[in-house]
Each structure stands twice: as structure tokens, then as C-alpha cells.
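Would you mind keeping the following structure in view while I ask a few things?
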């Protein structure tokens, strides 16, 4: 029974789009390639082919002398028929790697038959050919096709037939005619290129005629009258060739069923893995594939060299023709170094070698790593599996769509085009499968033309080729968020997901619009796989096309895959690229069909400068909680690399984070196609809306408080609320003449932002631009609220997620995203924002607390207790928050095997104790999350009514990039990862979801679905133990557990690395504080100011050497009074004004080894000299206790409070000067003194001794210990007490302690007798001889051996036991020993192995005679050494 976990068919989707351009390595010259335009025939010599011509053959004067036959068959025989799935293709090949593509000179058929005419087998004629049309007027003599790309067809490759037989059997027949005619061509390459430039206008018009002449389908009359417009797609109905005036007739395109190539010299076949070198890009892993137009994988180019058609492994599906000398067999990623070494040897100079060895850019490296990951996976497959798994499937546009889009781009370069999209749902038929629409977009840099081409007539310019971008979930995850954002886009934008429509509806809509205005919204693509027909819908809402006027204008994005840059300056022959779709997965092969549910219709607005095509991907369906059985649904097969770090985390460390908003728009991205890959998601998807907004937005958001939407016509209230409103929301027709003040500000009845109750007893937040009002009782309920002397800072200025970590500094700094409806704020990043929040603007959101749960979306609780759960971890119930239980291990209970699983013991954590709890019992279930508890485990009684767990009460939320367990429908709890909405496929974004829902990526099945917090609980390390040893767990679930564990470790490593970087960054500078110069009064404390008459006057004279100095007899200095400049007789010369003048010696903040930050002097300080004043906030005792309490709650351990008097305390924590960094010491070099300065008491620090420069400044804190807790002191002084707040030891106490310590060392000793200890034998136990022996390390074993007897060359390493302790038969522990040799036996082998001997009955083995087990010489050899310990050894009593 298959329990594979899959939630929707094709949700991941294999649909990708071909990038808009191919590699065209025209600038890559192959030195050894054969050039038929510069061979020896130009010098008058004979070509190699001329020597092989049969005697009597004469070249025809014109092509009219040749019969209209090709390869011996009439032209009407369909020998080369386009495959069904390529029927919508135009017949233009993709060009060659040498820059001389067939499209420049030939039609595809002529090119194909001229280069490799032997690749199509001859067919037997079954019916005569119809009569040929009459030949048109004669044409000039045929000349060889040149690289100038002449538009006229000057050559027809045919085979001469004589008497119904081919005149030549050589496969080079098509080339012979070319080579002979090439010998007559005398123009140089430079002249032909010059002629090409002169005739460029003529080329454009004639090229369109040439292309029309080669089209099989019958065009509509209105299209036949437009010879200068390009026709890009082939329709299904053939037509007769129209005869164009003044143009040579062209034979119809011959078609045949595709066959394998049989030409010689082919080294690689379709499905082979190779390395290819294109341009300046590194060697890239590729797979040989068949060209979608020529249907061959190799060909001979115009220079006579072989080329292979390859498709590149990357997240950009690209392909190209590559020269055979630039292709190597792929044997593994380690081969890359060999290729570099080979290229380095071939380099001509040192600079080229350095260029080869230069490290690749990070953007290109990421793409290369993805390609290597694909190639390594493909290397393990067979050729057939690789072809099935990796071959591209190409889909093209209808000609009307390309033409209509091109017309729009030419008519209006900046005007926004809007097109409404029909909404309908396709009912799947048994023999048909929906094809997911490939999301496509258009970039202004991608659709530029390489030159300003104009026709000779005064008609419009030829529309440029329309590029179709591509999108997969894997590639989208590697794109930086700056791609999906647009500066200046301020409107809220919604995502419109186009459903798959019925074929009948498509044709009905197509026929209903005769003017072609609606036809560009549909794309038909028929895959030649069985009877499955794929029909997808594509719509276009906004389009801004900017066509640069200069040829040398550079694009704003760079490229990191090899195909994206070649041909970017493009030529006339740039062709429209095909969107590519990876081959169908295993799920597509299933004949079972999943019924579809209708998807809610939504409007869509796309971003300027990018057209975002949205649609459901292959087989996507929305499923409810009651999912279908797994065996009835086919699972979308996605690459395993989706779960690997190479695939999921190619971009920045936090690629899905909202912090990507800070990325500038001028930065480079991975590929040009990525520019068009702008993700569009529902407005309810918070991050996707944010991803479309740039850094150019104003910092202050403007959102209407009534309709909760942004806009430009918002009126600000001039009152205290700082709110904005729409005129229409206020019911006003025009702006008021005077300042606008809302009704709340007029009446003073502001509602509390927490409880929403209005009244005049509310208080405003102290932050000026906030404008929120609260009841004091309401705001005190939030731990993130900060109370100050002048009021409070509301919770919207502190991150709710960071506050859970008890880091108040981290929580209160940084950019915040605030909830519009409640006092909740988060930092703008995946690590903080609650999953399921909805973005309103760049700094305003609606958090997930406001989700409206329906009756069927309640929480699904687990069937076990989160605390005990059969041996789970017991919490410390003394913590009231009880916040860590959700991160402990859990049972995973399935409906079918719950009873069986409950019998199995859990694997307890080594760091926690077990709680014995009886089986079953009542469970207390949380209403908001799946948590369940036994009431006795929480030490509470069973409450009545609804109950929420402590985590939910505290506001703890799930975050993006978090591994969780998810319960969906009837399936078991499954490991998944919470995804940022903008990182999931577009069809997943379009699924119905509400506020509070977030997408999850299921491991193992690689499916997506929207869930809410009630069905999710966190995954913790070790959860995979639940599945070990269970026979009922299928392969998919085991794979999911492995992937979840791997991903969990990756995220854990990323988080630890980020934290380490943050710690390292914070260690570079001290913690933040506000530097002040004088004390700041807080609360009721006041600063005393004395009258001049009350200030004492000293007796110092101005004529003294140092008036009022350190060594003077200044009366004020002795009484610790500072002189006043208007009272002191010394006047300005007074040296007792250090506090007022702030005469501090130079000092610097330093980082100490164990005591944090410290202060060090830069110059020498004399004893008694003023060092600094201790300044900060002056608070009273009540405020001091509140701050200490708050510090303990937030785990703050550093205090800066210094008591001046009972009601005057200086707190230098939030504000202060350099004195706050002075550390404590039990033997300090500074002391605090209270001085009276202008009538107020202030604290100064003075030197206790002479302090040299470079020494740290310290003073004794003299702390009073609160409670039993003590802080360890690390001052390192000799008299250190060991703890802060404990008095240092005096000299007398230190002397007494030293004497007591020495007295303990003088212990009484007595002599004891010891038993003699037997040492090892001094002879070998094997042979009985002495010498250099190896002794056994086993306790009480005296045996020793020669190395030679042990068959060893050197002594064994470490602890060694001799062979006597191992059984001779099985090498297990021996229990019976032969006492005359090393033979021994275990319990299983001791029977009959040993017998008593005549020598005192000692056991001996079969190698000894029981009557005389040893020889007489044995006793003369034995010398046993007995040693004993010294009897005079002293031991401690």
C-alpha cells in the first residue's frame, strides 16, 4: 500500500521556460576548423573534393538544369515532417557555434540536406509524385552562400538523378557542389561583410519574403498582405506555396519521421554528459540533446567542422550548438581541474593563464554549482533515464501573440497595456492532462534590438523577437529579492492566477474576437506523448517596453550562465526562443486523474518594467484538509536538489528574507531572464507584496486608518494621532480650507490601541511620530513596553520576536514593521516576522493574530502530552513563562498505529530528567496550536472553557525557514519547512488562503500547501528517532525525515554563523549608550542651585604659584567644595574648578580579557588628581528598584548605578560618559569622592596613586548584595574577595589565612608495610628464552614475549593484552588456560582441550605430555623477578 506523501499533482511543477536567447559563439574562432571559403581553391589549386569527381560529370549552368528531385524522390513526398509537438514552430534553426548559422543563407531544409544529407534514410515510393509547378523566370547563376547572410535563395541542394538512380552515392554530394562553386568565388571576407552592411535594408525585407515562402501553413488573407511582418509560428493546415514576384521558386519543405544519425565521426550521442566551453565562461556541464528544429544532435557547419547540440545544466534552461573541439566527455566534477590545467598549458602568455585561473564571480559560481549538482545526479543514471528526466520540451507562441506584443512595444514604449483575463476551469478528461502554464515575463533589456533596422519602404520597423522567460520553484529560490521589486511601485497589487480552460472555451473566445485583440492571451502546445493535449492560458496585464536608442547601451544586469550573454548585441538573425519544459515526471505517466477544485477569481496588477505571466502549473489542484488517498493521486516528481543547499540556498544567506528590501536596484543579478522573473503573489501574502517594493519609498508610511489601504490622496491629521485618511472614507468631497483635524483629536476621546475603548484617561506614547494612545493598565501588560520618567514607549517600538530572547537592546533597535491593528511590531526579516502576516505597505502589516478562523480551521491537537509523553522532558515549573516545552521531542502518532506507537518507549534526552506519568489520561488542548498537556504535568487544575498554552499567551509565533511538523487531512504528522510566500511557485501563491495562513514545503514528496498555526508545531533535533525501527513507515516518509534532519542542520548552521558574526560585530564596539556631559534629572529628583552668597570663599591669592591646586592649602579643596569663578579670589587662575571646566585626562575605551569593556588612561596621572566625573540619570530609590526589577526580567547583568544619597542615585546605564566603563577592583587606583559644586552634590573620581600612561582605571564599587546571589570578581588583585559586594581582605586576615594554609600541608606521616608485588617474568612465555621482551598490560598477568614469537616487527601501540587471554578457536575472552604455553580456550571450546598434568595438577594442552609437561632444562631457564615497595615509604595519615 503506497502511503507516499503528495498533496497535489505537479505542484512543484517541472515547467520551465527557455531563456530568450541562445549561445551563438560566432566570435569563437576555431583555428583548426576547415573553412571552405579560404581553401586552396582560391589559390588556383585543386580542392580535395575535386579529385573524387567521376569522369564525365559537368556542372549545370543554372539550377533550372537540375530536375526538381531531392535525394532521388519527388518533392511532394513528405520525407521530413515536423513532429507533432513541434508543429507550432517556425522553421528557423538556432544558428551554429561558429557564427555561420544556416538561417543566414539557407532554408532549414536546404541547410539540412546540404550539410548532412545522409541522415535521412531512403524511403520506398508508394505513389507517383504530383506534377511540379511551372518554373518561374530564370534566375542568375548560382553562387556559393556567403557569410554575409544574403536574403535571396541562391542555391538548391539536390542530387542528380540519371535513369532513376542517384549519380553519386557519397554522403558529401551536397557539399561537392558547394566546394566547386566556392572555387569560383573570389570575394574576400572583408568585402562580403562590407556588402552585407550596405544591403542590410534589403536583407530585412527580402528575409521576411524568404521566410514566408518557406512556411507550410496557410496564412490568413490579412497576413498574406503583410510581406514585411515576421511570421513566427506554423499553423497546422498545410497550404500551397504562393509565387512571389521577382523571387526564385522554392521547393516545399521535405519532411520525414526523425531517425537516428548514422554519419561517421560522431563521438557523442543523445543523452551523453559532456563538458562544453563557450566564450569566456568556464567549462560547463551539459547533456547532448536533439535540436528541436533540425531533430539532430550533430551537424557539419559551414566550415566543415562538426558541432554538437547541447543543453546546459543550470537553473536557466539554455541550449546551443558547440564545436566538437570545445566538447569533452563528462566524468565527474573533479575533471574540471584537469580541463583548467589543459587550457593553461595551451595559453600563449602569462596573462591568459592568469585569466583562466581567475576565480569565477559569485553569481556565476552559484549557477555553475547548480549545474554540477544536476550533472552529478544525471551521471548516476543510464542514458535513457537522462533523456527521460532532463530533455527539454519546447513550446512556442502563436504568431498573433508575438505580433501583437511587438506592435505594442513599438507603438508605446512606456504606456501600460492592460488586458483582462477570462476565468474558467478546465474539467479534465480521462485521456487528457492539464499542462501547467509556464509563467513568462518580458524585460526591457531583453527585448532590445541590436541595431536600428529600417525597411527600404516607409513601413514600420520589423517587430523584435519576443523573449519568454521561465520559472521553476528551484530557480526562483536562487533569485535575489531585488529582482522582484520595483522602485516607485506604491500601489497594492494582487495576484491573479489563471486557471486552465477548456479547449472549447478557448476556440469560442478566439472566434468571438475577429480583430485579434484577445488571441494573444492563449497559447496552444501539443506534446507528442500519447493522446495528451496540453492547453494553457497566458494573460498580460501591464507591459512597459523600453527600447534603447543606442546600440552600445549596456544592460543593467549581468549574466551567470554561458548562454545568456552570447548574441546579446544580436544580429538580424536573432530568433525567438522557445520556452522549455522539463520532461514529464513519473506522475504524468499515471492514467489516474485528480479532480480539480475551482480557484477563487482575483484581479491582478503586475509590476512596471516586467510582464508577469501567471497560471496553474502542471496538474495543480487545490485540496482541502480531508485529502484524497495517496494512492489515488500522482505526485509531482521534482529534483532531489530542491532539498540540497546547492539548490535551495544559492543566493544570499537569507535569500527569502524581507531584509532584501535594502538591496539596491542597480545591483547585478544572476541572469537576464531573472530580470523578468518578478514574483507576483496574493495581496494576502505579506512577503510577496513586500518583494515588489523598492528602497525609494518614503520611510513614513501613509495608510488610511479606515479602509487600511495605501494611496497618494491621503490627508494627514494635524492633531496628536498622526493618522491618515482618504477623502472618500471621511465622506468629504474636497480638502478642507484649514488644517484637518480628525474627530478623535477634536473631542480628545482617543481609543486605546490595545483594548479599543475610548476615553480621556488614555496616555499617548512618548515617541513623537507614534500617535498611539493606551490605558496605563493595558500597556503594562506588554513586556515590550518601556516606561520612562516622561511617559512610556509603546510595544510598537520593540520587536516582539527578539523580546522573547530577553535581549532588549537587540529588540529595540533596527527597522520595525508595525501591525496596523494591535501593538505588535517585528524586525523586517524572516527571522522575526510571524508567518502568515499580511503586508499593507513596506513598514505596516497586519499580523497573524487577526486571522479569522472558520469552524473547519480549528487547531488539530496531538494525542500525547508535550511534557511527559512517555519519557519526554520535564520542565522547570518554577519559570512562569514555561516557554521551552514546544521545542522538546514529541511522538508522531498515526491514526492507524497510534496504539502500537504508544507502547514504544521514547528516547529521552540526556540533559533532562524523566517524569513518570501513567498512560492515557485527560489532555488539556491548546486552542491556538497543536500542543496538549496533562493538567498534572502543568501542576494546574483542568480549566473550563477555552485555554491557550503559555507560548501562545506570550505571543510566540512561527517564522519562515523553520522546520515544523504539519498535520494535513488524514495523513500523519509530516516534516515540512515554512516558506516565504514569494519563494513558492506561482500556482501555489494563487491557491486560496486567508490571513494567518502560510505555505509549507513538505519534505520527501516536495509538495506545497497553505496551512495555519493550528496544524503546525516546531521540529526539534532528534525527532527522526520516532520513525526508526517502524516497519509501517514507507520510503517517502523515511526520505522526508532524512531531508528534514539535513535541512534542520543547515538552518542551524546558518543561524549559528549569523549569531557568531553578530557577536563578533558587537565585540568591536561597546554596547550603545547616549553620551552626556552632565547629570540628567529623571522623575522627582531635583538639582540644587546655591546662591553666590552661600558659596564659601577660599584664602588663595592670584599671585600664588598654583592657586587652589593640589599642593595648596585651599580651604575649599580640603572641604571638597569647588570654587566658583565669581567668588574665588584667584579668579581665572583657580585650579579648583575641575567639575565645571571638565578637566579630564585623555582616556580610551578598551576591551579587557574577562571583565568586558574598560577605561585606560593615555597620560600619566598624579596622586589626588581629578580623573573624571561620574554622570548619568539622576533617579530616586523607587525608580532604581523598578529598573533593577526590569533588568532581572530581561536578564541584564550589568548595572551602572551609584548611590549619592538615599533619594539621589546616578544610573549611567542608558546615558553617561567615559566613567561608566571603569571596572571594579579590590585594589583600585581611583576612588569616588562627593563634592559640592555650586550647591549640588556631585561624584568625582580621583587618583589614589600615581598612575602611569596605558594603565586601566579602576575603582571599588562597594556594592551592597541584594539577596543571596553574588557576582564573581575577576579583578585579579592579591586581596581580591572573589565576589562583588564582599569587602576585600585586610593584610592581617591575609596573613592568618596563609598560615592556616601552610599548616594543612604539614601532615603527620607514618610508616606502613606493603605486600610484595610480583613483576613480569624475564623470559618469553612462548619459547622460554630471555632477552628483549614485550610485557602484557593486563592486570595480574606476568607474561612476556619476544616480538619474533608474536610475529611482530615492532612493539604494539597502547595498552596490549597477550594472546594468552584470547581463545585459540574464536579469539573471544578465554576462561581456561594452559599453564605451560600461551594456548587458552573460551567456555564453548574448553571441553577436552585441557587435562591435568602430573606437575601439581596444573592444566596443560595437547601439545604437552601430561606426565612430563616440561623438559628438565626448563627449570634452569626460569628466573622470576620479585620486587616489593620500599618498606620505608611514607604515606599520608
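Even glycines carry a Cβ here, placed using N, Cα and C.
Below, the features straight out of Swiss-Prot:
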- 128-139: compositional bias 'Pro residues' (COMPBIAS)
- 187-201: compositional bias 'Basic residues' (COMPBIAS)
- 202-248: compositional bias 'Basic and acidic residues' (COMPBIAS)
- 270-333: domain 'PWWP 1' (DOMAIN)
- 583-595: compositional bias 'Basic and acidic residues' (COMPBIAS)
- 701-748: zinc finger (ZN_FING)
- 749-805: zinc finger (ZN_FING)
- 790: N6-acetyllysine (MOD_RES)
- 862-955: zinc finger (ZN_FING)
- 960-1022: domain 'PWWP 2' (DOMAIN)
- 1093-1143: domain 'AWS' (DOMAIN)
- 1145-1262: domain 'SET' (DOMAIN)
- 1269-1285: domain 'Post-SET' (DOMAIN)
- 1321-1368: zinc finger (ZN_FING)
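Give me the lay of the land around each of these features.
The helix, strand and coil residue counts that DSSP assigns across the domain 'PWWP 1' (270-333) are 3 helix, 28 strand, 33 coil.
In this model, the zinc finger (701-748) carries an average pLDDT of 83.
Secondary structure from DSSP puts residue 790 (N6-acetyllysine) in coil.
Assigned with DSSP, the residues of the domain 'AWS' (1093-1143) fall into helix, strand and coil as follows: 13 helix, 1 strand, 37 coil.
Residues in the domain 'Post-SET' (1269-1285) partition by DSSP class (helix H, G, I; strand E, B; coil) as 0 helix, 2 strand, 15 coil.
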Excluding near sequence neighbours, so keeping only residues 6 or more apart in the same chain, what lies with its CB under 8 A of residue 790 (N6-acetyllysine)?
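The answer is 766.
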Over the span of the zinc finger (749-805), count residues by DSSP class, listing helix, strand and coil in order.
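Helix/strand/coil tally for the zinc finger (749-805): 11 helix, 14 strand, 32 coil.
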With DSSP as the yardstick, break the zinc finger (1321-1368) down into helix, strand and coil residue counts.
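Grouping H, G, I as helix and E, B as strand yields 3 helix, 5 strand, 40 coil.
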